[in-house]
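Record features, source Swiss-Prot:
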- 47-250: domain 'Tyr recombinase' (DOMAIN)
- Arg82: active site (ACT_SITE)
- Lys114: active site (ACT_SITE)
- His202: active site (ACT_SITE)
- Arg205: active site (ACT_SITE)
- His228: active site (ACT_SITE)
- Tyr237: active site, O-(3'-phospho-DNA)-tyrosine intermediate (ACT_SITE)
Amino acid sequence: MSGSVIHSQSAVMVPAVYSAGQPASLPVAIDYPAALALRQMSMVHDELPKYLLAPEVSALLHYVPDLHRKMLLATLWNTGARINEALALTRGDFSLAPPYPFVQLATLKQRTEKAARTAGRMPAGQQTHRLVPLSDSWYVSQLQTMVAQLKIPMERRNRRTGRTEKARIWEVTDRTVRTWIGEAVAAAAADGVTFSVPVTPHTFRHSYAMHMLYAGIPLKVLQSLMGHKSISSTEVYTKVFALDVAARHRVQFAMPESDAVAMLKQLS
């Protein structure tokens, strides 16, 4: 078994991801209060994506006590994967060897769209994939820890067919994941922590996109990471981000009226 994929022997025991012992610093240098205010501005437009900022995601993960559940949500946050893409992941889809660990995601939405245009099942070997770097060392370490603790196999026998298949890391449904999120949101609310946007599996995808834009990732690169067929799908995030850029320039329109009158008189 290659050392480049997740395996129990390479597990590193570290404190829980986003634990209280970590320094309280933002992963991307942003003005968090200003970013919150600007997001409130964007929420006026129903067509714009609803997203969480990094501190909110970390706070939400704090209320997910189970490591297996926590790492699924962390995977959505760290990769921007669609929920069906994340639930399809196996250990072999991850390459965690330094210096550039990454995950290979099957771009399932594009596959579905293509299948709808053609008769029959999509031929094997033609499934679209994309590589997403895993740049957060805490995430990588916790993923290794989870696999080691839960002894997640590379393969398992399908009880229905009797065939040996690649074992999915998260053998759950979309509905189950939504239940996990709902329980975390409820636990946070009971502790006095609330979120101003509804949290669903897709919220993490939107949050990933906005986080990457805040980090300065070019739009074309983000398109590739998100698995968007058209750049127009990615550009929707810049409509939100444009509010931040414009606000930070603090463009002034007013000047003392008496000074303006004096200036015009001098020029005439």
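Just so it is clear, glycine is given a Cβ too, placed from its N, Cα and C backbone atoms.
Features as recorded by Swiss-Prot, highlighted on the structure.
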residue: Arg82; record: active site; DSSP class: coil
residue: His202; record: active site; DSSP class: helix
residue: His228; record: active site; DSSP class: coil
residue: Tyr237; record: active site, O-(3'-phospho-DNA)-tyrosine intermediate; DSSP class: helix
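Taking the Cα atom of each, Arg205 (active site) and His228 (active site) are about 12 angstrom apart.
Across the structure, His228 (active site) and Tyr237 (active site, O-(3'-phospho-DNA)-tyrosine intermediate) are spaced 12 Å apart at their Cα atoms. Of all the active-site residues listed here (Arg82, His202, Arg205, His228), it is His202 whose C-beta has the fewest other C-beta atoms within 10 angstroms.
Under a cutoff of 8 A between CB atoms, and with a sequence separation of 6+ in the same chain, the neighbours of Tyr237 (active site, O-(3'-phospho-DNA)-tyrosine intermediate) are Pro49, His206, Ala209, Met210, Leu213, Leu222.
The separation of His202 (active site) from Arg82 (active site), Cα to Cα, is 7 Å.
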